[in-house]
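Trainee: If you scroll down you'll find the structure; I have some questions about it.
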Amino acid sequence: MINKPLVLTYLYLFIYILLSSGVILYNKWVLSPKYFNFPLPISLTMIHMGFSGVVAFFLVRVFKVVSPVKMTFEIYATCVIPISAFFASSLWFGNTAYLHISVAFIQMLKALMPVATFIMAIMCGTDKPRCDVFWNMVLVSVGVVISSYGEIHFNVVGTVYQVTGIFAEALRLVLTQVLLQKKGLTLNPITSLYYIAPCSFVFLFVPWFLLEKPAMEVSQIQFNFWIFLTNALCALALNFSIFLVIGRTGAVTIRVAGVLKDWILIALSTVIFPESTITGLNIIGYAIALCGVVMYNYIKVKDVRASQLPADNLSERMAKEWKFEKKSSDIFMPNNSGDSVGGAGSASDSNVDEEAPLIPSARLSYIGRTQLGNHAA
């Protein structure tokens with residue numbers, strides 16, 4: 001007999017991997033001068049933000065799919081604005097990197113995300129230095145350095161843009177935890193869109209006006225309405241697929257799916273964009289970095305399980321661990337009133353899918369949500 005819930009879960013995972021890879025490749029194709037030739041990353045990001053803000057407005061205010069949270073001006077000024085600023089920065093720098101380096105190399109550099117998050121969490125006082133995590137971060141960094149050394153078309157400008165975007169995203173994650181959690185504010189993906197997307201759009205307007213508007217006036221930039229509409233729709237579909245995956249799977253499954261997606265994306269990018277060749281040293285370095293990421297994920301899973309089961313006897317611990325994945329599927333599901341249960345983000349959830357250009361902290365795992373409720377780490 002077919003297990004329908006299990007089949008549905010794998011279907012959601014397949015759709016997530018497909019959409020995540022598709023959005024990244026689509027963005028690269030649109031921005032690359034060799035293909036669609038729209039080398040204006042800030043403009044593309046503003047299109048995403050504007051589209052997502054409009055969709056969120058209709059979902060919240062017109063169709064009332066979810067209810068808005070109680071957002072005072074003080075919370076908006078001290079929480080939403082700084083988070084939106086770093087979110088806009090991470091998207092701006094990340095999309096600009098597509099102009100200079102390959103998709104495959106960008107994915108390899110994104111292995112630095114746990115390192116950046118760990119550093120920012122320590123600087124902001126939400127995490128403490130730990131020997132086991134530190135050596136994992138060293139392993140990840142060494143792997144990325146080896147991968148960079150093996151990159152044939154290494155570009156300093158593109159690498160700096162991508163690494164800066166990673167650190168901006170890491171700081172955004174830490175600020176989300178520090179600021180919103182202190183206010184007791186919880187945002188699901190739709191309300192995150194509703195509050196953060198318009199503010200990010202405003203932040204992007206300033207660099208767009210200074211950097212890209214003059215270029216648009218003097219050059220022949222093609223604009224295809226259907227290309228940009230489908231691009232924004234794919235990005236929106238990706239974020240909602242992440243929402244569905246979070247609701248049906250646990251932390252370990254999401255993290256494994258993310259690693260699988262990265263490998264698939266690297267392979268696909270070399271086929272679709274022949275100029276983005278990869279070398280054996282690239283693969284070796286990335287494999288080393290992934291070993292560090294996997295070990296880091298294992299430590300985080302173990303920490304959460306230990307914090308959840310401190311006083312249980314052995315049999316109870318075994319039973320609860322067996323149900324660990326299943327329990328997480330009940331979190332982040334909408335209730336009868338239309339709201340969703342869940343936090344706004346976590347600095348410890350270093351596998352947030354920053355490729356999703358619309359909804360910040362969308363890929364919020366069980367680990368991140370549990371840690372927000374138990375300790376700031």
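Every residue, even glycine, has its Cβ placed from backbone N, Cα and C.
Dumping what TrEMBL says about this protein:
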type     : residues : note
DOMAIN   : 11-297   : domain 'Sugar phosphate transporter'
REGION   : 330-353  : region 'Disordered'
TRANSMEM : 7-26     : transmembrane segment
TRANSMEM : 38-63    : transmembrane segment
TRANSMEM : 75-93    : transmembrane segment
TRANSMEM : 99-121   : transmembrane segment
TRANSMEM : 133-154  : transmembrane segment
TRANSMEM : 160-180  : transmembrane segment
TRANSMEM : 192-211  : transmembrane segment
TRANSMEM : 223-245  : transmembrane segment
TRANSMEM : 252-273  : transmembrane segment
TRANSMEM : 279-299  : transmembrane segment
Trainee: Would the transmembrane segment (252-273) and the transmembrane segment (133-154) count as touching if the test is at least 3 Cβ pairs under 8 Å, pairs 6 or more apart?
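Mentor: As far as Cβ distances go (cut-off 8 Å, pairs 6 or more apart), the transmembrane segment (252-273) and the transmembrane segment (133-154) do not touch.
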Trainee: With an 8 Å cut-off on Cβ pairs and a sequence gap of 6 or more, do the transmembrane segment (75-93) and the transmembrane segment (192-211) reach 3 or more such pairs?
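Mentor: In this chain the transmembrane segment (75-93) contacts the transmembrane segment (192-211) - 3 or more Cβ pairs sit under 8 Å.
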